[in-house]
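Following: one structure in structure tokens, then a few remarks.
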Amino acid sequence: MFVTATGVGIDEMGYAMSRLEIESELFDGGNTVHEAGSSTRPGKPFPKVDDEISQLTNLRSGPNDRLHQLVPGKQQLPVSPVRMLAGREGNYSGKGRFSSADRCHMLSRYLPVNGPWLVDQTTSRAYVSQFSADGSLFVAGFQGSNIRIYNVDRGWKVQKNILAKSLRWTVTDTSLSPDQRYLVYTSMSPVVHIVNVGSSTTESLANVTEIHEGLDLSSNDRRYSFGIFSVKFSTDGRELVAGSSDDSIYVYDLEANKLSLRIMAHTADVNTVTFADESGNLIYSGSDDNLCKVWDRRCFVAKDKPAGVLVGHLEGITFLDSRGDGRYFISNGKDQTIKLWDIRKMSSDASCNLGYRNFEWDYRWMDYPPQARDLKHPSDGSVATYKGHSVLRTLIRCYFSPEYSTGQKYIYTGSHDSRVYIYDVVTGAQVAVLKHHTSPVRDCSWHPHYPVLVSSSWDGDVVKWEFPGKGEALVLANERRVRRQYYD
């Protein structure tokens with residue numbers, strides 16, 4: 001059994017290939033890519049992505065250059081596992097083992113595209129679904145007031161079934177604390193509810209079997225109500241950041257048990273917020289005013305004034321995901337695009353964002369106008385734009401793929417057309433399109449360590465995609481495999 005840099009056996013992780021596959025890769029130079037869908041981006045060629053993000057991505061997911069010196073032959077990417085193993089045996093790195101980039105180069109080739117296998121099936125729309133930071137838990141929130149926490153390590157058994165309190169419309173967001181002891185959930189209400197995940201009670205009925213403490217973000221001097229679209233724990237678990245329908249960002253201090261900051265951040269709904277990195281000093285926000293903004297809590301120049309604005313989307317922002325480096329993030333937009341941003345290119349002026357729509361359109365019930373699909377903002381400051389998926393009816397989410405197994409080489413997203421799309425960050429290629437659902441896929445989540453991706457949809461299905469391994473787990477999964485006709 002081969003062993004990776006972290007001491008985990010490749011066979012155990014489900015990446016071992018048959019002898020036939022290994023031999024075929026030895027002869028074809030390692031070009032085999034396991035995917036489900038088009039491997040090329042339709043339409044116009046993808047413009048060259050920023051050199052720096054290309055280099056950073058390649059450093060995280062590319063093999064050492066010395067590999068070609070020790071293993072002769074045609075030099076092309078991706079390098080086959082046989083070449084990688086031969087290079088390791090030849091000690092090309094000088095350390096006698098794979099580096100983290102070597103590991104990502106091998107593992108990122110095996111995308112979670114096989115399946116799907118059923119995790120859960122309900123009569124209620126699934127709105128949010130996410131793995132915990134270590135991948136041991138999976139959280140799914142449904143419109144019918146239920147939030148389910150599955151124990152991934154115990155065969156996806158329901159560890160906690162939460163019946164939400166004072167739900168308005170739907171569960172709009174959830175977030176697990178870093179220590180995985182607490183979960184917060186939100187709806188179209190100014191109150192964030194917090195649940196003790198670590199308690200022994202499986203059925204968590206709000207204020208009947210368990211207390212769901214309410215953290216009220218509204219102040220006494222304001223008598224109107226608002227809803228919360230997005231909520232996130234800080235990395236240290238001491239704060240929550242939330243985006244709301246009253247155009248504001250809220251920061252709640254959990255240790256002091258009080259609201260510590262309110263920012264009148266945008267001129268429309270703040271659909272998405274997130275901390276930029278582990279420091280908690282930088283906050284990214286996205287709004288229906290088409291803008292992404294950066295907020296630096298260390299140096300507020302003036303009240304409600306951002307550190308910078310990022311202009312480029314032609315319609316509202318539905319979701320943001322940070323690369324975790326305090327520099328790059330991605331945004332999903334109602335203009336049917338994902339954009340990659342470098343905050344060093346942010347502007348101090350948002351006035352150039354106004355006045356570029358010359359048609360009436362509402363994403364909640366209309367298709368995106370064909371005449372708008374090829375439009376580009378004249379002041380677009382994004383690093384790259386990714387197209388192919390659709391963002392309609394709901395706040396569809398997008399993410400970077402995991403750093404551990406892919407080096408954040410990919411971007412993946414749900415879509416209104418009932419599919420999951422996976423893009424290559426550098427080339428923009430659609431490397432996989434996953435087809436199963438019959439309604440919009442609002443959320444999806446890639447396991448932080450293994451080639452497993454879970455998608456959740458308005459059709460009520462929560463399903464698992466994976467690169468299959470060997471043994472009992474795959475047999476059990478096959479027994480429960482979803483038997484549904486795919487469609488084109």
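Glycine residues also receive a Cβ, built from the backbone N, Cα and C atoms like all the rest.
Curation plays no part in TrEMBL annotations; they are all automatic predictions.
Within the chain carrying the repeat 'WD' (228-262), a Cβ under 8 angstroms from the stretch's Cβ atoms is held by residues 172-179, 184-190, 192, 215, 217, 219, 268-275, 277-278, 280, 283, 285-287, 295, 297, 395, all 6 or more beyond its ends. According to TrEMBL, the repeat 'WD' annotation covers 228-262 (among others).
Taken from TrEMBL, the feature repeat 'WD' applies to 263-296 (among others). Sorting the repeat 'WD' (263-296) by DSSP state (H, G, I as helix; E, B as strand; all else coil) yields 0 helix, 19 strand, 15 coil.
According to TrEMBL, the feature repeat 'WD' maps to 310-351 (among others). Secondary structure of the repeat 'WD' (310-351) per DSSP, as helix, strand and coil residue counts: 4 helix, 20 strand, 18 coil.
Here TrEMBL flags 434-466 (among others) as repeat 'WD'. Across the range of the repeat 'WD' (434-466), the DSSP-based residue counts are 0 helix, 20 strand, 13 coil.
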So what's the mean pLDDT when you look at the repeat 'WD' (228-262)? 96
Sequence-distant contacts of the repeat 'WD' (434-466), meaning Cβ under 8 Å and at least 6 residues beyond its ends, amount to 13-15, 36-37, 107, 110-131, 133-135, 138, 140, 142, 152, 156, 392-397, 399, 401-402, 404-405, 412-422, 477, 482, 484, 486-488
